[in-house]
Amino acid sequence: QASRLVELPYSSFDDEDDDDTAEQDSGVWYPDPPKLSPFSHCVRYLAFLWNLLFLLLGLLTLAVGVWGLLAKSPLAGGERGVPLSSDPMLLFVLAGLGASSVSLAGCLGAFRASPCLLRFFLGAVLAFGGLEVLGGLLLLLARRRLRDALRDLLLLCLLRYQEDPDLQFLVDEVQRSLQCCGLESYRDWESNLYFNCSAPGVQACGVPASCCQDPLENGSVPNAQCGFGVLGLGAAAAGAVVHTGGCGAALGAWLRGQAGAIATGATALVLVEAVGALLALKVLRDVSAVRV
């Protein structure tokens, strides 16, 4: 039997009625869109809090780097003796900026359920993890070159000791902690323009106070002049005042002793990144399933 088509005015139906009628006439059942399970909600909140924590840490690192750069800026009354590109505080700025940017993308991606931001976060984490693994392999394969680069870095720190407060603090901490002086021996300070015996200042023929065996006067007051004139003494007389051994060998021995701790820290960092990536991947899959 032929069915009769009855035309009705379009104004008597709205869009929803048309959709419902079409579904009923076609006989096709459309399932309800999937909903996120409680576990998916927990993963989403955990991903947001996880990235929020690292966002705060990245902002803190960025603030420390910016503060260090501004403290040495001529506008703030500081003196910049080294170019900005070789300033150690620039590493804090770059690390904080990168960590905060990636963590912000992860936070917003988990909070707004944005696939674009989640994919960017996953790509950045995978890129950082790949660079870390590649860097570790290069360190293992080029240990000799690494030692030479470390030696050159220490020599540069000795030459720029008075020019940058950050380098000065770093050198003093290394010499004080490892009980060493100079790169190969305390005589390496002769290459510094201020400690050279031909220098006109009061520091001529001296070494920093961090080289002294007893940098405190009377056991309590720091003595900044304990290393003055040491380079003009003999080896035996200088050995009674300062540590004569160099920091190159001492730092190498310390790094070898800390190899286990360094490997543990690197592994923990990779695991932290892996956990963040897995959380973001779970959220991305749930969001994609709901959207489809």
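Yeah, the Cβs are placed from backbone N, Cα and C, and that goes for glycine too.
Those TrEMBL annotations? Automatic predictions, nothing curated.
A quick note: this is a predicted structure, and the numbers were derived from the prediction, not measured.
Database features (TrEMBL):
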- 13-23: compositional bias 'Acidic residues' (COMPBIAS)
- C181-C197: disulfide bond (DISULFID)
- 1-29: region 'Disordered' (REGION)
- 45-70: transmembrane segment (TRANSMEM)
- 90-111: transmembrane segment (TRANSMEM)
- 117-141: transmembrane segment (TRANSMEM)
- 230-255: transmembrane segment (TRANSMEM)
- 261-281: transmembrane segment (TRANSMEM)
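The highest number of surrounding Cβ atoms within 10 Å, among the disulfide-bonded residues C181, C197, is found at C181. Tertiary proximity for the transmembrane segment (230-255) is limited to same-chain residues at least six positions away from its ends with a CB under 8 Å from its CB atoms, namely 147, 150-151, 154, 174-175, 178-190, 195, 197, 205-207, 211-213, 262.
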